[in-house]
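Read through the structure below, which is laid out as structure tokens, and then see the notes.
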Amino acid sequence: MTATQGWLALVILSGGSTLIAWWGGTGVLVALAILTLAWAKAQIVLNVYLGLSEAPGWSRGFALVLGLFMLGAMGLAVAAGAV
Amino acid sequence: MKYQTQKIALIYFAVALALFAVQVTMGLILGWIYVSPNFLSEILPFNIGRMLHTNSLVVWLLVGFFGAAYYLIPEEAEREIHSPLLAYLQLGILVLGTAGVVVTYLFNLFDGNFLLGNEGREFIEQPRWVKAGIVIAALIFLYNVSLTVLKGRKTAISNILLLGLWLLALLFLFAFYNPANLALDKQYWWFIVHLWVEATWELVMASILAFLMLKLTGVDREVVEKWLYVIAALALFSGILGTGHHYYWIGMPSYWQWIGSIFSTLEIAPFFAMMAFAFVMVWKGRRDHPNKAALLWSLGCAVTAFFGAGVWGFLHTLHGVNYYTHGTQITAAHGHLAFYGAYVMLNLAMFTYAMPVLRGRDPYNQVLNMAAFWLMTAGMAFMTFTLTFAGTIQTHMQRVEGVDFMSVQDQLWIFYVMRFGSGVAVVLGAYILIYALAFPRREVVKPGPVQSHKSAETPAE
Amino acid sequence: MSDDTDPETGFYALPGDLMMWILIISELIVFGAGLMAFMAVRLTDPQGFTAAQGHLDATAAGINTIVLVTSGWLAALAQRAGAAGQVARVRLLLASAAALGALFLWIKMQEYAAKSAIGIDFETHPFFTFYYLLTGFHALHVVAGIVILALVGWKATPRNLEVGTAFWHMVDLVWVLLFPIIYLLR
């Protein structure tokens, strides 16, 4: 993915989360959708902007830690929805 | 010893060891006061004894750092110290100031006098004339070592050491600002010792540890320096804002609870890195240095600092925990193991490495020194556990159940007895160590065939 | 750490400078911990957090997301132009990236001013403690990032560009995680 393709993907994904916000939906599924979009955006910034795709080992390491963070965030979002 | 001016370190180490003896002896007296509270209550009130215990600790650690700098800067800069005379003058000022402080405190002379009286602020009680003397001594020191480094070879070790020493001297200037508002007074007060132990002293520690690793393991300087930069960056990143874990309790806004909790949790990172650094260097090392005791102290320092400062610090740093534990015996447990592991052991590692060289003694296997290491370290570990249990009970009874302070103290008596016992071990170890460092001129145990063969192969450095 | 000295593995495999990566990882841990703490504290009062979040302007923050990722794109292009030795193009791109950073800060200031006008501060609600801490700390990094972009634009070596733009991308990365969690989740 080139920098420009990465940028386009980020703009589209950001548009997606802003659309969800405008639509005003609530609930656990909406929260999970928003966090999934954020997860994808973070992956693009790491691999394309920060160039981690050149260092596959580090890319995998960051992806793992980011994944754990996002799963933690999703877990807490689900818990908040259930309260 | 390659440079004649490294000899300056010897007298600094001697003063540091004398104050070390005072510090631990005073600690033992205080430990007994916990067991039997009226002991010496007329002639040496607890607050004075405690002040002598903590202040002599801080002063001897600083004198030890100065001595370490005078020892390692010539080797790093590859030239003699700029002015030995100034170095001795600096020590003279510090000794005079220390004596002045002790006499002023013990007899409460010149009470209320602007220049001569004690200032009455915990840890920075020094009369103003002593504070001024400390600043002059610090300026002499910084001038002397900075000029030596500027004229000589510049290495990461001396750069980080100087950065740490400059910052610690600048932070001391807060001691001159004494606002009438007690909350403000406490706020500036924290900026001194806490930004020392959580930031600038860590830089000093990392650079001295790097120097010892370089000498003891023979790993390439390039590798040591990379670790050193990473450790220094982690220490400053986590330490400066990590000090914020205290701020809420001294009257600053509540958002400091979160800043302090998050950054101070990260303060484990530099201590973990130092421990990893020490072990990786020994693992990769190419040199079998005959000074086994120095290596033991270096590794012990990295490990105990990680537990004392890192783990025991984290134990009660999160504000939800600290709300209950602040100022209980848990704080005392952390304070003892952290100071011992990080800064006492660091100084003792440096003394153990340098004193045989300075006193022209080898092969310095130093069996007695190593025995003292285990006695002191085991005693301190036991003391830490005892105080941690005492603190847990104290927190529950006093802070959760609301039992009054003195009733809780009565319940903790058995722990204070055990703490006194562990204190005896530490003090005995300290006396043995001081003897082992300062007095014998030859090894007390004859080396076996393997060791004497190795020593003949690798000449000491 | 035997891989430490092998040029293609270990720390040497990371693009740019080791110290910058240490900083980036440290910053990510801090923001990650802050966001986790935010979400955990939210469990104690979901209604209060949602009500407090109602005072935020998600649209302005959404625009700011576009501003910042576009700025990151320009910085990435600048770094690639630097590798090709086109200094004039590097400086133009970095100036544009920094200008978008300034726009981000201006929009953020409007947001803070609006909060302040209706009397919202750090102590109003735990939501706003986190809001001010996390977005404020991030905004400080945007300020630092603009300074860094100016410095590496001045001394535009490929290595400097790689290190300086890495910091800017870290600021981007934090924002794409911070924005949805603070502004959008309810």
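The backbone N, Cα and C atoms fix where each Cβ goes, and this holds for glycine too.
The shown structure was predicted, so the numbers you read here are calculated from the model rather than taken from an experiment.
What TrEMBL annotates here:
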{"type": "DOMAIN", "residues": "B:1-391", "note": "domain 'Cytochrome oxidase subunit I profile'"}
{"type": "TRANSMEM", "residues": "B:12-35", "note": "transmembrane segment"}
{"type": "TRANSMEM", "residues": "B:55-73", "note": "transmembrane segment"}
{"type": "TRANSMEM", "residues": "B:85-109", "note": "transmembrane segment"}
{"type": "TRANSMEM", "residues": "B:129-150", "note": "transmembrane segment"}
{"type": "TRANSMEM", "residues": "B:157-177", "note": "transmembrane segment"}
{"type": "TRANSMEM", "residues": "B:189-214", "note": "transmembrane segment"}
{"type": "TRANSMEM", "residues": "B:226-249", "note": "transmembrane segment"}
{"type": "TRANSMEM", "residues": "B:255-282", "note": "transmembrane segment"}
{"type": "TRANSMEM", "residues": "B:294-315", "note": "transmembrane segment"}
{"type": "TRANSMEM", "residues": "B:335-355", "note": "transmembrane segment"}
{"type": "TRANSMEM", "residues": "B:367-393", "note": "transmembrane segment"}
{"type": "TRANSMEM", "residues": "B:413-438", "note": "transmembrane segment"}
Are there residues at least six beyond either end of the transmembrane segment (B:226-249) with Cβ under 8 Å to its Cβ atoms? List them, or say none.
156-157, 160, 163, 187, 190-191, 194-195, 198-199, 202-203, 206-207, 210, 256-257, 259-261, 263-267, 269-270, 273-274, 277, 280-281, 317, 319, 322, 326
To the transmembrane segment (B:12-35), which of B:189-214, B:255-282, B:335-355 is linked by the most Cβ pairs under 8 Å?
B:335-355
Ranking B:85-109, B:157-177, B:189-214, B:335-355, B:367-393 by Cβ pairs under 8 Å to the transmembrane segment (B:129-150), which is first?
B:85-109
Tell me if the transmembrane segment (B:85-109) touches the transmembrane segment (B:335-355). I count contact as 3 or more CB pairs below 8 A, with pairs 6 or more residues apart.
no
Given the transmembrane segment (B:55-73), its same-chain partners at Cβ distance under 8 Å and 6+ residues beyond its ends are 5-6, 8-13, 15-17, 19-20, 22-23, 26, 81, 87, 90-91, 94, 98, 101, 123, 125, 141, 145, 148-149, 157-158, 161, 165, 193, 201, 204, 208, 211, 339, 343-344, 347, 350-351, 354, 358
Tally Cβ pairs under 8 Å between the transmembrane segment (B:413-438) and each listed stretch (B:85-109, B:157-177, B:294-315, B:367-393), then give the stretch with the top tally.
B:367-393
Non-local residues, at least 6 beyond the ends, that sit with Cβ under 8 Å of the transmembrane segment (B:367-393)
292-293, 296-297, 300, 304, 308, 312, 315, 325, 328-333, 336-337, 340-341, 345, 348, 352, 408, 411-412, 415-416, 418-419, 421-426, 428-430, 432-433, 435-437, 440, 443-445
Checking distant contacts: for the transmembrane segment (B:189-214), what same-chain residues at least six beyond its ends satisfy Cβ-Cβ under 8 A?
58, 61, 65, 68, 72, 75-76, 121-124, 156-158, 160-161, 163-165, 167-168, 171-172, 174-175, 221, 224-225, 227-228, 231-232, 235-236, 239-240, 242-243, 246-247, 250, 264, 267, 270, 274, 277-278, 281-282, 294, 298, 301-302, 305, 309, 338-339, 342-343, 346, 349-350, 353
